[in-house]
Amino acid sequence: MGWGDMEPRNGSAAGRSDTCFGVFNASDGRDTAQNSITSPWFSTAFGLIGLCSNLFALCVLLSSSRKLSSRARSSFLVFLCGLVVTDFMGLLVTASVIIPYHFIKFTWAEVDPGCHLCNFLGFSMVFFGQCPLLLGATMAGERFFGINHPFSRSTSISKRRAWSIVGLVWGFSCLLGLLPVLGLGRYTLQYPGSWCFLTLLPDTGDVVFCLLFALLGIFSVLLSFIFNTVSVVTLCRVYHDRESVQRRRDSEVEMMVQLVGIMIIATICWMPLLIFIVQTVLQQLPAGGDQLQMLPPETQKMLLIYIRMVTWNQILDPWVYILFRRAVLQRVYPSLRPRPSILSLYPVLNPSLRRKLTAD
């Protein structure tokens, strides 16, 4: 998502606040761009690492899903696969616009006078940014009910239903990303001129869209935290009761370790940006009749820093699954062995019902 900074060439459009080119003064970024540690080759290598990581994780996921008979684990892998595909496509789409800019150094106002490319890039940033947060909350909710209310459903979520839920998340995020195209808020070129994002100016539409995007992301992270915390407490209680040896549920623990890792990465990478967006738009609300027409330089630079942090989320997510699988952990800690599943929480369950649920 954020890929660095090169010298913007749209100085003639810097003052056009009614288009996507008026949020920052293009000339302000020249000295910083020249001294920046970011280069076209660094951005390209950074993007390739992220793409290869997600592609490798996707291959491992597909291989694992063919060997599983457990519906609970299979549905969880579907959600993970949706997350990896989202991260991969997010890096691919944004890199296909931003990296060519680094090498060609095209003039945005000349190449994209109608702001179509900027709107597409801004939509991609919002869509591929919001999807992982919503998917993380969805996965946490599914595991919460699977661990704490395992018999509230006759069967676990099927693969088809899990993919339907992933599709709903994609559809909702797509609708959210299209709001500026439909008239609520704007996508504008951001400092130092290599990417487009939502507009942090005190216009009513911009404020509403910024708050909607940021608060939805914060809510998703908090919901994931609540669900995962309760699920972890439940698992810890099972591990420390008097029959812990017979009641260990390695599959559930493996999934929770991966979920907690995804949640920690999302919190570290996303929360600073989301909180910054909320603070910025609320602080810039006009007390009188005057409104800012251009973002202050410090705001522009801080936004760029936070976007760079967000980029790491797409690169680190796949490694959570790659590294925290039982196949890997058992090589590091050989004493790990498969143990009974979630049914071991309920030793007095009717035998016929246990056989039926085990078969499911």
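Note that Cβ sites are derived from N, Cα and C of the backbone, with glycine treated the same way.
TrEMBL entries are annotated by machine, without manual review.
Copied over from TrEMBL, here are the features:
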| type | residues | note |
| --- | --- | --- |
| DOMAIN | 53-321 | domain 'G-protein coupled receptors family 1 profile' |
| TRANSMEM | 41-64 | transmembrane segment |
| TRANSMEM | 76-101 | transmembrane segment |
| TRANSMEM | 121-141 | transmembrane segment |
| TRANSMEM | 162-185 | transmembrane segment |
| TRANSMEM | 205-238 | transmembrane segment |
| TRANSMEM | 259-282 | transmembrane segment |
| TRANSMEM | 302-324 | transmembrane segment |
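Counting same-chain residues at least six beyond the ends of the transmembrane segment (41-64), those with a Cβ under 8 angstroms from any Cβ of the stretch are 3-4, 77, 80-81, 84-85, 87-88, 91-92, 95, 98-99, 102, 311, 314-315, 317-319, 321-322, 325. Within the same chain, residues 83, 129, 132-133, 136, 139-140, 143, 198, 200, 202, 206-207, 210-211, 213-215, 217-218, 221, 224-225, 228, 231-232, 299, 302-303, 306-307, 309-313, 316-317, 320, 324 sit at least 6 positions outside the transmembrane segment (259-282) and bring their C-beta atoms closer than 8 Å to a C-beta of that stretch. Confidence over the domain 'G-protein coupled receptors family 1 profile' (53-321), given as mean pLDDT on the 0 to 100 scale, stands at 85.
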